[in-house]
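Swiss-Prot has this to say about the protein:
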- K15: active site (ACT_SITE)
- D140: active site (ACT_SITE)
- P98, M99, G100, G101, G102, V103, G104, G105, G106, S107, S108: ATP binding site (BINDING)
Amino acid sequence: MTISGVLAGCPAPAKLNLFLHVVGRRDDGYHLLQTAFRLLDWGDRLDFRVRDDGLIRRTNQVAGVAEDDDLVVRAARRLQQATGTPLGADITLHKVLPMGGGVGGGSSDAATTLIALNHLWQTGLTRADLQQLGLALGADVPFFIYGRDAFAEGVGEAFQPLALPAAVYVVLSPEVSVPTAEIFSAKGLTRDTPPIRIADFAASPTRNDLQATACSRYPEVARAINWLEHYAPARMTGSGACVFAEVASEIEADEIVSLCPARWKAWKAKSLARHPLYGLLD
């Protein structure tokens, strides 16, 4: 909903990495990746109200995240500094996505903040401008601003559109938080997977190169994959901890979700062709 100075219920959708290959490492330590990003219809929501006094405030508490550390607040301040706008904002974050889950929660929240405030503040930045701002906040932020399924390379910021059929997924959180930096810095991590071409994506064998390391350090991730494998081929998304499986129907997804062990959480999610706020940057 939008009225003058307000955007309410702005979606911050989750993402899946349908595969994730580490194909090299730059001299500065950043890993070179190939991945297929997929948007989901499941995620957080944010409300924005413009302030005339220039203050950026998060109006609610988010467990375990101080206001100044929140990517939402940092994104708003970064846009404010980059554009010189005198305006501020009150931001309310309705958190659903698990933190440290590999579904892009914080990055998606930051991207939605950049898109929504660029619109409300009328700062006039382009999609490419916002992607550049977002990259400094997190490697996944540019994808959410890109706003559609993509084949990504580089450190995850170079995109090609990916045409994928609609799909239904079960996403399972084993209720552990996996620090991305820990997984990428692990000595045993595979860093030399041969690159594939986008044209070969559907026919090529793929995997998540981070999965073995995450499973060895966080056995609950391995247990979640093994459980979900009883119903459909499963793998980890991102650096974990969430795991997912594509299923044939919403009915099947609902049934699997209902059987999820009580110590974990599970959701049904459908694919999204485009980010719900995509049109704000057209």
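Placed from the backbone N, Cα and C atoms, the Cβ positions cover glycine too.
All features noted in Swiss-Prot, drawn onto the structure.
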residue : record           : CB count, 10 Å
K15     : active site      : 26
P98     : ATP binding site : 20
G100    : ATP binding site : 19
G102    : ATP binding site : 30
G104    : ATP binding site : 30
G106    : ATP binding site : 27
S108    : ATP binding site : 29
D140    : active site      : 27
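Note: the CA-CA distance between G104 (ATP binding site) and K15 (active site) rounds to 6 Å. Within 8 Å of the centroid of the Cβ atoms of P98, M99, G100, G101, G102, V103, G104, G105, G106, S107, S108, where the record puts ATP, the same chain has further Cβ atoms from A14, L97, G238, C242. The binding-site residues listed here (P98, G100, G106, S108) include G106, S108 as those with a Cα within 10 A of the Cα of D140 (active site).
K15 (active site) sits 8 Å from G102 (ATP binding site), taking the Cα positions as reference.
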